Protein chains: 2
Amino acid sequence: MEFVTERKETLLTELCVDKIAHSEIKDDQKVSLKGTIHTIRDMGDVAFVIIRRREGLFQCVYEKSIVSDFSELKEGQAVKISGLIRSEKRAPHGFEILVKEVLIYSTPKKSMPLQISKWKLNTSLEANLDYRAVALRNVRERAVFKIQEGITRGFRDYLYKQGFTEIHTPKLGAKSAEGGANLFKLEYFHKPAILQQSPQFYKQMMVGVFDRVFETAPVFRAEKHNTKRHLNEYTSLDLEMGYIDSMDDIMDIETGFLKYTIELLRKDYKKELDILSVELPEIKEIPRVRFDEIKRLVSERYDRKIKNPYDLEPEEEELIGKYIKEKTGSDFVFVTHYPTKKRPFYAMDDPTDPKFTLSFDLLYKGLEITTGGQRIHDYEELIKKMEKRNMDKEGMEDYLSIFAYGMPPHGGLGIGLERLTMELIGLENIRQATLFPRDQRRLVP
Amino acid sequence: MEFVTERKETLLTELCVDKIAHSEIKDDQKVSLKGTIHTIRDMGDVAFVIIRRREGLFQCVYEKSIVSDFSELKEGQAVKISGLIRSEKRAPHGFEILVKEVLIYSTPKKSMPLQISKWKLNTSLEANLDYRAVALRNVRERAVFKIQEGITRGFRDYLYKQGFTEIHTPKLGAKSAEGGANLFKLEYFHKPAILQQSPQFYKQMMVGVFDRVFETAPVFRAEKHNTKRHLNEYTSLDLEMGYIDSMDDIMDIETGFLKYTIELLRKDYKKELDILSVELPEIKEIPRVRFDEIKRLVSERYDRKIKNPYDLEPEEEELIGKYIKEKTGSDFVFVTHYPTKKRPFYAMDDPTDPKFTLSFDLLYKGLEITTGGQRIHDYEELIKKMEKRNMDKEGMEDYLSIFAYGMPPHGGLGIGLERLTMELIGLENIRQATLFPRDQRRLVP
């Protein structure tokens, strides 16, 4: 018997972009490069073979007098190129590889349905989504999801530093008090079950345990929306924090998260920001303004009648964004004190005027990216509000019990990851910021 | 209109454990401490009020001659204590707070169903799970989930450093090729849908885009297991990597993850490891041994007949763990080359002997914590293997197409987060390592 405890050495240095950028790899150094053939430009005696890897594109020079079997090379092949480094200012990263040998791992059996090697994927959104696993191989398409990764990283890392604990709450449940019509239903070992549309109740329960918690996980909404900014399954960045003095604490945490994340993106995701020509906003402090006040101000400023005093129409949100930008220079604005009748039962009413809640939305360039607020933590107050709304307490015993056993003042927020990605990058449709979107018509791929 | 852009100052310094540990806060400094009253020990003129916060327990001394209304204090109240710091070696963290003022945020309306302030929660697992949101308030119970957080953090942070991209794949799907009977089914806008039991196909698709990907997300299995180590919903730590030379590359990454995570836990989660008296394993290199070979060795060593040559029974896994520990000192072992008939169709057969696959399980102390391996990347080979198994290709067009359009050699693995948590901590039942477990009988809380 042989216990394999050590790896064999690889014969060639695996090319490392960072090393080359820092001049640790010199001209004529032997390297190998594994990747996919992105394009082949045949110039006669010489061909430029561009290799696509996770770090980007790499130029390889194939001199037919040195290497034979050029005819075997095809776009889309997974290959290992061995050769020598050569400085070349015009090539990506400032170098190219003079090919000595090519090992072909696999060859496509069909021709590509989309021209993924083009800089911009010139195709309809429908075709893009139909051939999603191929479309995402395009350098610009995939850059969106690196930025999305940065947002999630920023959220988690900032919250870890603020003493939050990451939690994993169940997505399968027996019943939910909120929006029964918007829940997907299924059978769970002969019992009726639902998919959670939000970790709301669980994250509140966990405030009683960890004081501050967050979760980054899928949520499921059976809403019959068909818009550019709704999905039926999305990734929710959720947080909930206890021992707050007011909802300002929650807005402070969100401001901190956004500042931290914008900085992280600028530092670690510069390449992708450049690929997509994204200009990230500057965040200093984010203005906070009451719902009724900004509604009135916008109505006056843009000479627009208030149609619905209880909610913001999309056009109104846009105008708020415009107004705040003019007055303060900020792309973001917290709109606070939403009317009680438009907020869920657990939202805390403003004690000075219970028609409004201690809740907020965060708008970015006139689009909502977060809903949050302070929650009721007093058992009797919660029960009273549920009764006023004629809500059924059945199935909510576990949630309600945490208040009976004592809860601190608390609040939190939820951010749709795909929507935030879409809006930070400036995409038109949320589906472009989703690897495999789920909407009313789309359950595949 | 007033745009609130700055926070009011809080009057008292929020107590910071780190600052005190580093002697930045001195005796008699005025501090405030928000938390829950864990216990009250009434000594007559003086009472010790222990406050529970996310960082741990804090001792406050309540002198009745200084503060009045002692009778209003109750265990389980959320409070803000204001007072003066005093060094006290016998108190947790080496200090206590001399109470000057107490602000009560909320008072429990019911008496606790479990004695959460006891060091060990002396209750049945059933009662623990029935009152889960309360049980988790116990200091030992919640420590489990801080360690779980550390494992997830370690997984992500290590993989980020290795050039992996985090992905979010859909949990709702139209159909799946694997284990149809083990899928939860639901209706999705009048179409039949399933919950994904694994991100397997999606992470493979994403290897064609990012070369290396990972996901930490829930998976759903309608298996009728009723054991101490199975759940019907769990968090899966999944990775998939392209351009591998062999499955050794995958085992190398897993070894790296485990080393990194053990170190992270020792550094950032020492408090919780101490609370639970966890001794983490030392990891140097993890032995790798063939399935058929170790089966034979264990059979000889422990004089045990091989009943099933295609799979490992739980008892056999235990003996393998024991054998490897004796021979090498390692708590971990990679068992490689599982029989083809027990592995899914996408597993790559060993070209030197197609009865076996290039796949592995990782055992820790005789229990499986990971299944992984190299996958077929050649389109025709994959189709051939599916045909040999009489598999229906319907609904798998998108998955299969990525191979038709070219894929690199690749492989990956999946780790059950709750199982790894359970086994690293040495818990008896996986439900103890799950915030809100879902099994055949349990859909609430």
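Glycine residues also receive a Cβ, built from the backbone N, Cα and C atoms like all the rest.
Ranges compared are B:100-103, B:200-203, B:364-367, B:380-383, and TrEMBL records region 'Aspartate' for B:200-203.
Just one of B:E166, B:E282, B:E285, B:E368 is listed by TrEMBL for the same ATP site as B:R221, B:A222, B:E223, B:R229, B:H230, B:L231, B:G416, B:L417, B:E418, B:R419, and that one is B:E368.
Same-chain neighbours of the region 'Aspartate' (B:200-203): 167, 169-170, 176-178, 213-215, 238-240, 344, 346, 396, 399, 412, 414, counting only residues six or more beyond its ends whose CB sits under 8 Å from a CB of the stretch. Neighbour density for B:R419 (ATP binding site): within 10 A of its CB lie 23 other CB atoms from the protein chains shown. The binding-site residues recorded for this entry are B:H230, B:E368, B:L417, B:R419, and the Cα of B:H230 lies nearest to that of B:R221 (L-aspartate binding site). In the three-state DSSP reading, B:E368 (ATP binding site) counts as strand. Look at B:R375 (L-aspartate binding site): DSSP puts it in a strand.
Mapped onto DSSP classes, the region 'Aspartate' (B:200-203) shows 4 helix, 0 strand, 0 coil. The maximum pairwise C-alpha distance among B:R221, B:A222, B:E223, B:R229, B:H230, B:L231, B:E368, B:G416, B:L417, B:E418, B:R419, the residues recorded as binding ATP, is 20 Å. Cα proximity to B:T371 (L-aspartate binding site) (within 10 Å) is found for none of the recorded positions B:P92, B:E223, B:R419.
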